[in-house]
Amino acid sequence: MRAALAPLADDAQYRLLRRRGRRGPGGRRRAARGRPGDRALGGLCLWPRPRGRGRRGGRSFRGPGRHRLQSGAPERKAIVNCPKCRATMEIVLFEDVEVDRCTACKGLWFDSRENERLKSKRGSEIIDSGDPKTGRKNNTIPYVRCPRDGNPMVRMVDPAQPHLWYETCSTCGGAYFDAGEFRDYKNLTMLDFIRDLFAKPRA
């Protein structure tokens with residue numbers, strides 16, 4: 001009898017799975033059939049711990065029971081509307097990082113420090129699929145509220161590229177990049193260096 005841990009989607013926790021086998025004709029082992037009320041998951045039956053004696057920490061115990069383990073981090077909630085154009089947002093996944101992208105203007109929302117994590121990942125600029133012209137137009141919108149908590153966002157300047165502005169939330173730490181800004185943020189080119197030499201300070 002072997003035990004395996006598997007996640008349950010209904011309560012986002014884990015229960016102990018026990019797979020039982022019985023000896024069939026000729027000594028061959030065959031899978032146990034589920035009983036009425038048993039719950040199947042991945043071809044296995046979820047059995048409660050059988051009544052009877054056992055050993056735990058050197059002491060005997062009796063009675064039914066279940067093992068429960070807390071699941072990992074809470075599920076990430078998707079952003080509903082773009083903070084710039086109010087269109088719906090979609091979740092895009094790059095490796096192990098989930099980012100919200102606007103379905104219309106292609107602006108990107110990063111939860112706290114996700115933009116820094118993706119900046120160091122090779123090929124992550126692929127998530128920035130929008131038109132930079134649209135991004136420059138939306139970058140002139142003066143007042144933007146955080147799509148997470150509704151608080152006013154502040155404009156930040158990338159120290160390495162003073163021409164690059166993006167919005168951040170001082171409450172949740174999230175950041176919003178207009179279309180084309182994350183690609184520029186990730187890849188520092190000679191053209192960016194020359195542009196910054198002649199860049200005028202913004203009000």
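The backbone N, Cα and C atoms fix where each Cβ goes, glycine too.
According to TrEMBL:
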- 19-33: compositional bias 'Basic residues' (COMPBIAS)
- 39-49: compositional bias 'Low complexity' (COMPBIAS)
- 50-69: compositional bias 'Basic residues' (COMPBIAS)
- 81-120: domain 'Transcription factor zinc-finger' (DOMAIN)
- 19-72: region 'Disordered' (REGION)
The domain 'Transcription factor zinc-finger' (81-120) [mean pLDDT, rounded to integer]: 93
Summary of DSSP states over the domain 'Transcription factor zinc-finger' (81-120), given as helix, strand and coil counts: 6 helix, 17 strand, 17 coil
